[in-house]
Amino acid sequence: MEKKGLKFNTDTLLLILILSLYVIGFLLYPYLPEKVPSHWNIRGEVDGYTGKFNHILFMPTFTLGLFLLLKVVPKIDPRAENYKKFTGVYEGFKVVFVLFMWGIYIITLLAGLGYSLPVGKLVSIGVGVLFIFIGNYFGKIKHNYTFGIKTPWTLASEEVWNKTHRVSGPLWVIAGFLWIVSIFVSETIGFIVGMVSIFSVAIFGFVYSYIIYKKLYGQK
């Protein structure tokens, strides 16, 4: 019962945090220009704008939608029972995700108000932290159909799933650190290193799961 209470309180606080985005957006609405910066290139320069009404609504609504989806997934996943085995990791991911989106929203609002901020650098640091968090707990994520490294072979075998996540986890942590460190060299280099890191760990997980599956079941 205590775990359920903690989960309820955490979700309630996260929901309040998400709803506060709407409040902050509408409070700052009169002070925002008609066009608000919405996209930055790899050099950290603004290269895209959106209307201020769309801006204050889109990210809070996007965050709310994904948060509600994250709440529903453990109930509809065919391996729903396995979520109970890594509840702490899953709940922790929801917290980190909401805090990340909250931070990005505040940063973009401040940029819209005219504050000079290294938006690209701050976003990259946030993404790097997400990578580090996820990678650090990859080995604890149990077999399911929605959350984790999903390839035909990890979904087909719980053993392949476990091996792939244990080996891939440290690589995600390294990728996160590389992204954070490289962004301080230059935003262009940071972006390139970040993209290469993402694709590298994704491709590795795909290939590694196939190799392990073939070793375990190839002769059957």
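Any Cβ shown, glycine's included, is placed from N, Cα and C.
What TrEMBL says about a protein is an automatic prediction, not a curated fact.
Per TrEMBL, these features apply:
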TRANSMEM  12-32  transmembrane segment
DOMAIN    16-63  domain 'DUF1648'
TRANSMEM  52-74  transmembrane segment
TRANSMEM  95-116  transmembrane segment
TRANSMEM  122-139  transmembrane segment
TRANSMEM  167-185  transmembrane segment
TRANSMEM  191-213  transmembrane segment
For the domain 'DUF1648' (16-63), what's the mean pLDDT in this predicted model? 88
Six or more residues beyond either end and a Cβ under 8 Å away: which residues meet both conditions relative to the transmembrane segment (167-185)? 120-121, 124-125, 127-139, 149, 191, 193-194, 197-198, 200-201, 204-205, 208
Long-range Cβ contacts under 8 Å made by the transmembrane segment (122-139), restricted to residues 6 or more beyond its ends, are 40, 86, 89, 92-93, 96-97, 100, 103-104, 107, 148-149, 162, 165-166, 168-180, 183, 187, 190-191, 194, 197
Cβ contacts under 8 Å made by the transmembrane segment (191-213) with residues that lie 6+ beyond its boundaries: 42, 120, 124, 127-128, 131, 149, 151, 153-154, 156-157, 159-161, 163-164, 167-168, 171-172, 174-176, 178-179, 182-183
